[in-house]
């Protein structure tokens, strides 16, 4: 799987998230517009209707300005029930069509909250990918400019089983380099590679590694040639 496929996946997450946020905004706007032109009154919860097996929606009766009684069944259900029978609630209704109504309060925005919350999660997943890439590129560019370039010996190609995109796990390269001044061996691990780099690595393959001169624990394993495979 090439990086372009990974980017496409996160683009889809971002796109879905933005669409859901837009949808939540429309729901919120429509409710606000309705309430602005509606008549506010009070009603009474007279029943709780089961929706599915575990949630309940309130049934509210209220009177319009002409004294006509109306019955409203909420489209929002919950478990436990959000209202009690006999409870008084605020109501908004359309003066031109009194049967068109909403229960006043934050619960009428429940749909917008759920859709917007899910949209935010999807958007953060999509944006997170690009933020991580941006930070990684900035770090690697800095190390390429000022870091110590060494030729590390290839050790192995491993798979990160804890990360998956489109049911695929990323690969990464392990390598090591022996400091000629101290004799100390330093071990390195590359970033993610979304296609198996093993066929491009020979037994004597050297891997470019850029090491921070002041902090050897900060390094960058150059995998650009493998990402283009």
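Each residue, glycine too, has its Cβ placed from N, Cα and C.
Now, the feature entries from TrEMBL:
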DOMAIN    42-105  domain 'DUF3592'
TRANSMEM  12-31  transmembrane segment
TRANSMEM  109-132  transmembrane segment
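The list of residues near the transmembrane segment (109-132) in space but at least 6 beyond its ends in sequence, with Cβ under 8 angstroms from a Cβ of it, reads 6-7, 10-25, 27-28, 31, 75-76.
On the 0 to 100 pLDDT scale, the domain 'DUF3592' (42-105) averages 92 in this prediction.
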